[in-house]
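Features reported for this protein in Swiss-Prot:
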type: BINDING; residues: Cys125, Cys126, Cys208, Cys211; note: [4Fe-4S] cluster binding site
type: ACT_SITE; residues: Cys234; note: active site, nucleophile
Amino acid sequence: MGGYSVTYSNFVKDPYKDWFPDDETNGASKILQWAYEVYGTDIVYACSFGAEGMVLIDLISKTQKNADIVFLDTDLHFQETYDLIEDIKVKYPTLNIHIKKPDLTLEEQAAEHGSALWKRQPDQCCYIRKIKPLEDALSGAPAWISGLRREQSVSRSKTDFINKDERFKSIKVCPLIHWTWDDVWEYIKDNNLPYNELHDNGYPSIGCIPCTSQVSDSSDSRAGRWAGTQKTECGLHTSD
């Protein structure tokens, strides 16, 4: 796999669109090697520290030991998520893990937009606390890495390894597109990786506390997010 440059301005299509990997990581390791060859340390991994995140952090650590990883701290995450981040810092001390917060504190957001904005206008809340901070974090970065998998949802089913990201005017690299939910957990268990203990208590997908619900059937890896609403994405992976 050649390390030739793919940028937002010259992107035509995923150069590996017709590649069907048959290695033990379903192509993830080779895509990460390509990404770090092309973009070096300028590429950023935006990690939510979910199950897919544990897989990617481990794979990235084997490819680029001083990689930059950004966590969008909305100030609304579960304590278990914050605890996991500290565990990851200990396990992978050479990785550069950055905590990115919104411009507004929760108190300032309430004063400006009203209390519990996530209930009344969840899209606006996601923009303030997740999308805008990631825009800032990716400013000047030619590419970023995401843990999207095709199996996760209809809206993610067409994701390629290398994508033109209209939202952030960047290249989005998605090494796990061919992974299933079972693949993710098999890798975690086989490699004895740390993970968020909420996964063992009915939380397949873990985000902010107000927008994450416990579910009885955890076979759907996106179940429990924005329950009772039509919302299925925070907006990081949509173009508008």
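Just so it is clear, glycine is given a Cβ too, placed from its N, Cα and C backbone atoms.
Sequence-distant neighbours of Cys125 ([4Fe-4S] cluster binding site) (same chain, 6+ residues apart, CB-CB distance under 8 A): Gln109, Leu117, Trp118.
The Cβ neighbour count for Cys126 ([4Fe-4S] cluster binding site), using a 10 Å radius over every protein chain in view, is 23.
Using a 10 Å Cβ-Cβ cutoff, Cys208 ([4Fe-4S] cluster binding site) registers 22 neighbours. Using a 10 Å Cβ-Cβ cutoff, Cys211 ([4Fe-4S] cluster binding site) registers 20 neighbours.
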